[in-house]
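The domain 'CAAX prenyl protease 1 N-terminal' annotation in TrEMBL covers 2-135. Look at TrEMBL and you will find 30-54, 81-99, 105-126, 259-281, 287-312 tagged as transmembrane segment. Look at TrEMBL and you will find 138-373 tagged as domain 'Peptidase M48'. Annotation comment: TrEMBL describes 203-223 as region 'Disordered'. Residues or ranges marked as Zn(2+) binding site by TrEMBL: HIS237, HIS241, GLU317. The active site annotation in TrEMBL covers GLU238. According to TrEMBL, the feature active site, proton donor maps to ASP321.
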Amino acid sequence: MILLCGGIPFLWKLSGQISGRAGFGPEYEIVQSLVFLLLATLFSAVTGLPWSLYNTFVIEEKHGFNQQTLGFFFKDAMKKFVVTQCILLPVTSLLLYIIKIGGDYFFIYAWLFTLVVSLVLVTIYADYIAPLFDKFIPLPEGELKQQIETMAKSIDFPLTKVYVVEGSKRSSHSNAYFYGFFKNKRIVLFDTLLEDYSALNKEPAEGEDGENEETKSKTKNKKQGCKNEEVLAVLGHELGHWKLGHTVKNIIISQMNSFLCFFLFAVLIGQKELFAAFGFYDTQPTLIGLMIIFQFIFSPYNEVLSFCLTVLSRRFEFQADAFAKELGKAKDLYSALIKLNKDNLGFPVSDWIFSMWHYSHPPLLERLQALKDAKQE
């Protein structure tokens with residue numbers, strides 16, 4: 001409907017009028033582009049709100065996952081929008097400036113710039129951005145922490161810190177991940193993954209106030225999460241991704257694709273027919289060119305690429321499971337996968353064609369079958 005009704009040219013014209021009233025004429029294309037981007041993301045946030053509300057307070061609520069109140073939801077949404085704009089607008093303005101002054105080889109400079117930005121964001125996300133939304137606390141001293149440190153040391157994983165994130169105030173879904181470059185790796189465990197730490201397994205304390213009162217976590221006292229041995233097996237899988245170089249391989253593939261896209265953008269940006277097809281007959285704004293080429297022209301290519309990455313991801317998952325098996329964690333990973341599937345209400349049976357196209361992780365039964373022999377041993 002946006003394309004058929006000329007929504008993109010209309011929004012560009014409106015952004016020009018707004019920037020014009022602020023004293024910036026048509027020659028200030030970057031300013032107009034930023035206004036356009038702000039309006040477009042605001043429109044997207046507003047139109048996506050009903051679906052997000054339905055997903056959280058109807059579907060997730062129906063199946064017992066939602067832990068948010070309506071007030072917490074809107075506060076969280078506003079915070080996400082503001083943080084996104086604080087990152088998106090400066091990065092976009094610099095990218096457009098580089099494209100404008102880059103000459104014939106602007107695509108190389110633009111690619112290098114996006115590479116640096118992505119690496120910086122990956123580096124600072126867990127330390128400075130994620131804590132704006134969730135509380136991170138160091139994993140308390142004890143048996144689990146000692147076991148994690150011992151396992152990390154056994155495979156030369158340069159672990160520096162282990163955190164627990166209070167994901168239970170938002171959802172009862174569970175997860176774990178690691179981040180960091182070079183010799184500064186950190187592991188993050190969701191409290192919903194840990195049987196001993198999950199707030200969902202505890203009675204709320206009397207007289208709770210502050211943030212707990214605000215979120216009014218809908219604790220159901222449903223026993224969930226994994227035992228220490230199972231948590232170690234899950235981490236053995238995650239560390240397998242690091243040991244086998246999956247993270248580095250994904251970064252290399254992503255950057256190769258990014259460079260190819262910028263190169264093709266440089267080839268296509270001069271085609272006035274592309275702009276005319278989307279309602280831009282007199283002007284060819286760089287931001288609009290990026291949107292047309294990356295979002296629409298590359299759409300068939302992106303579908304094929306997405307399928308190839310899904311196939312690769314599934315291969316990586318099997319390899320990471322095999323790595324955990326080599327660590328002697330097959331039996332615990334087997335039981336952990338069943339528990340996590342149960343906690344997250346995953347359906348164990350999948351149509352092979354649908355799962356091949358959509359599932360970045362192999363279906364549960366396929367993973368269990370790969371672990372079965374080792375488990376029996």
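Heads up, the Cβ atoms here are built off N, Cα and C, so glycines get one too.
Just so you know, TrEMBL annotations never went through curation; they're auto-generated.
For the transmembrane segment (81-99), the most Cβ-contacting stretch among 30-54, 105-126, 259-281, 287-312 is 30-54 (pairs under 8 Å). Compared over the binding-site residues HIS237, HIS241, the count of CB atoms lying within 10 A of a residue's CB peaks at HIS237. According to DSSP, the domain 'CAAX prenyl protease 1 N-terminal' (2-135) comprises 111 helix, 1 strand, 22 coil. Mean model confidence for the domain 'Peptidase M48' (138-373) is a pLDDT of 85. A Cβ distance under 8 Å defines the sequence-distant neighbours of the transmembrane segment (259-281), meaning residues of its chain 6+ beyond its ends; these are 3, 6, 8-9, 12, 106-108, 110-111, 114, 288-290, 292-294, 296-298. Residue pair GLU317 (Zn(2+) binding site) / GLU238 (active site) shows a Cα separation of 9 Å. Note on the recorded positions GLU238, GLU317: the fewest other CB atoms within 10 A surround the CB of GLU238. Taking Cβ-Cβ distances under 8 Å and a sequence gap of 6 or more within the same chain, the neighbours of ASP321 (active site, proton donor) are HIS237, GLY240, LEU333, ARG367, ALA370, LEU371. Neighbours of the Zn(2+) site: apart from HIS237, HIS241, GLU317, residues of the same chain with C-beta atoms within 8 angstroms of the site's C-beta centroid are GLU238, GLY240, HIS246, PHE316, GLN319, ALA320, ASP321, PHE323, ALA324.
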